[in-house]
Structure formats: structure tokens, C-alpha cells
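These notes concern the structure reproduced below.
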Amino acid sequence: MADVDADRGGAGKRRGGGAYGYGPADAGERAWTSWLVPLFVVACVAVFVVEMYVNNCPARPQPYGSCVARFLHRFSFQAIRQNPLLGPSSSTLEKLGALEWYKIVHRNQGWRLVTCIWLHAGLIHLVVNMLSLLFIGVRLEQQFGFVRIGIIYLLSGFGGAVLSALLLRNSISVGASGALFGLLGAMVSELIINWTIYSNRVAALLTLMVVIVINLGIGLFPHVDNFAHIGGFLTGFLLGFLLLIRPQFGWMERHDLPPSAQVTSKYKAYQYVLWVIALLLVIVGFTIGLVMLFRGVNGNDHCHWCHYLNCVPTSRWSCED
């Protein structure tokens with residue numbers, strides 16, 4: 001997660017890059033080459049190009065004003081009042097697989113829980129997400145490999161979509177940021193479950209908070225889904241305990257230590273406890289969430305103000321379009 005200092009006495013913290021990868025990897029760990037995260041970035045950019053091609057703003061009636069950047073022709077953006085993030089219309093997002101509760105529950109289009117992960121509401125949304133993904137995801141993949149990071153990314157996006165579908169009824173949304181927030185959540189849990197390895201924890205947490213606040217702020221615009229942010233973060237947070245756990249200090253070097261100093265257990269007791277709790281919560285959370293969703297439960301019945309966490313209407317734009 002952050003810079004760590006080797007204890008001069010030989011029994012303290014080891015130097016490991018953690019999720020941020022600021023330090024060299026531990027001698028017993030493999031250094032992975034990041035290719036999956038860049039592939040995710042390429043895929044998201046390609047999907048956005050398809051969004052704008054399908055949208056074709058100049059060919060549609062424009063009740064909210066003229067298209068933005070008309071020199072891009074069919075790739076020009078919808079009017080600012082309709083989409084302040086410089087992107088397509090809500091109808092285009094819906095056509096390409098955006099999250100929509102009615103179609104998921106009543107038209108058996110559960111695939112939208114997956115397709116919405118790859119959609120972006122606009123150019124601003126895309127740029128912020130991809131920069132954040134490169135900054136966070138590459139470091140994580142280098143430290144933990146493509147399998148674990150890929151699982152966290154995809155399941156976090158799915159978990160965010162499930163929570164979003166439970167709380168969104170009258171609007172469509174895209175949940176690409178949910179997967180990113182899953183990586184942020186995993187970074188937090190990785191810091192917690194490997195607590196004894198790292199120092200400078202405050203700096204690591206502050207860095208995480210800056211990225212989280214920026215993305216939550218963007219989530220207040222139309223079409224961007226803060227419910228997916230929250231659901232993705234919680235999913236990634238739990239998955240981080242399961243997949244990003246590191247052996248305690250001394251385990252990798254146990255064969256080089258005298259018998260009196262050898263470590264007999266790969267993980268500390270608190271790591272085992274957190275792992276078990278996280279596993280139970282992941283299973284229970286996904287089970288309850290999916291059962292509630294496909295039974296048509298409206299999460300807003302239990303939280304009447306939650307919709308303000310997803311979009312704040314202003315005189316410049318509407319949250320219903």
C-alpha cells in the first residue's frame with residue numbers, strides 16, 4: 001500500500017510495494033507484468049467510441065439544444081443540458097446495455113448487470129475513470145497478478161450493479177465506476193489485513209480518499225451511478241480480505257531462521273478471522289442482493305433520501321433524462 005521500512009532489529013516490518021507498489025517487491029514474491037488492466041482500459045475506450053457512433057447526435061432531434069463539438073460529426077456530444085459529461089443520450093446508453101431495473105426484473109435482461117460495467121456516461125467520466133484505473137490497477141496487478149485483480153474488478157462491477165438495481169427504478173445508469181471503486185475498496189482491506197507489514201498508513205489512506213472523493217463527486221451528475229460506486233467499493237473491500245492477504249513477516253524466510261525464531265503459521269490469527277468473516281459476508285451479500293432484486297424489492301422503500309446520493313438535480317440538467 002505504501003512505503004514500508006525494514007525494522008533495523010530484524011523483527012519488524014518488511015519492505016513490500018503493497019497495493020501502491022511504491023517499494024520493491026519482497027524477495028520471495030513474484031513481480032507480475034501488468035497487461036489485464038491496460039486491456040480493460042482499451043476495452044472501455046473502444047466501447048465509448050461505439051457509444052458515440054451509435055448515438056449520432058446530428059441525426060437526432062435536439063430538444064435540449066445543439067450538439068457539442070459538431071465538427072466531430074456523428075461522434076459529437078449531446079447538449080450540455082442533457083448530458084453535462086460530454087457523452088451520448090440516455091436512450092443510446094439504454095440500447096447498449098445500461099442498467100435499467102424494469103428490463104432486468106420483468107424482461108429477463110439480467111445481462112445488463114454485466115454490460116453496464118463497460119459503459120461510460122461521457123468523455124469526462126471516461127477520462128477520470130481510466131486515469132484512476134491505470135494509477136491504481138497497474139500497481140495492484142504488478143503486486144498480485146492478473147487473476148486476483150481481474151476477479152476483484154469484475155465481481156466489484158457486478159456487485160455495484162446489483163446494489164444500483166435495487167435502488168434505481170425510474171432512470172437508467174451506467175456502472176463502470178463500480179469496478180474501479182472495487183479496486184479502491186480492495187486497497188483499503190489489503191492495508192487492514194496486512195496491517196503489520198506497512199508503515200506510513202496515513203499517507204496511503206489520504207491518497208485513497210482523494211480518488212474516492214473525486215469519483216463520488218462525478219457520481220452526482222446524471223447517468224453516473226453512485227450506488228454502483230458504493231456497491232463496488234463494498235464488494236472489493238470484502239474481496240480484498242479474501243484475495244490480497246499476505247503471509248506474515250518471517251514466513252518466506254522461515255527456513256533461513258533459527259528454530260527459536262521460525263514462524264509456524266503462514267498467517268496471523270486476525271488475518272484468518274478477517275478472511276472467514278469476509279467470505280461469509282460476500283456469500284450472504286450476493287445471495288440476499290440477487291434474491292431481493294429478482295423478487296422486485298424496491299430499496300427506496302427503506303431509504304427515502306438515498307436517491308440524492310446518485311444525482312443532484314440543478315437548473316442546468318435533470319436527473320430524469
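Heads up, the Cβ atoms here are built off N, Cα and C, so glycines get one too.
Per TrEMBL, the feature transmembrane segment maps to 35-54 (among others). If one looks beyond the transmembrane segment (35-54) by at least 6 residues along the same chain, the residues whose Cβ comes under 8 Å of a Cβ in the stretch are 72, 74-77, 87-88, 92-93, 95-96, 118-120, 123, 126, 129-130, 133-134, 137-138, 140-141, 146, 149-150, 153, 176.
Per TrEMBL, the feature domain 'Peptidase S54 rhomboid' maps to 108-244.
Long-range Cβ contacts of the transmembrane segment (117-138) within its own chain (Cβ-Cβ under 8 Å, at least 6 residues beyond either end) map to 19, 34, 37-38, 40-41, 43-45, 47-48, 51, 77, 83-88, 93, 96-98, 149, 153-154, 157-158, 160-161, 174-180, 183-184, 187, 211, 214-215, 218, 221-224. Taken from TrEMBL, the feature transmembrane segment applies to 117-138 (among others).
Positions annotated as transmembrane segment by TrEMBL: 150-168 (among others).
The feature transmembrane segment is assigned by TrEMBL to 174-195 (among others). Long-range neighbours of the transmembrane segment (174-195) within the same chain, counting only residues 6 or more positions beyond its ends whose Cβ lies under 8 Å from a Cβ of the stretch, are 1-2, 18-20, 44, 93, 98-99, 116-121, 125, 129, 132-133, 136-137, 140, 149, 152-157, 159-161, 164, 201, 204-205, 208, 211-212, 215, 218-219, 223-225, 228-241, 243-246, 271, 274-275, 278.
Taken from TrEMBL, the feature transmembrane segment covers 202-221 (among others).
The transmembrane segment annotation in TrEMBL covers 227-245 (among others). Residues 19, 99, 116, 144, 148, 151-152, 155-164, 166-168, 173-175, 177-190, 192-194, 212, 215-216, 219, 267, 271, 274-275, 277-279, 281-282, 285, 306, 309-310 of the same chain, all 6+ positions outside the transmembrane segment (227-245), place their C-beta atoms under 8 angstroms from a C-beta of that stretch.
Residues or ranges marked as transmembrane segment in TrEMBL: 272-294 (among others). Here the transmembrane segment (272-294) has Cβ contacts under 8 Å with residues 104-105, 110, 159, 162-163, 165-166, 189, 192-193, 234-235, 238-242, 245 of the same chain, all six or more residues outside its ends.
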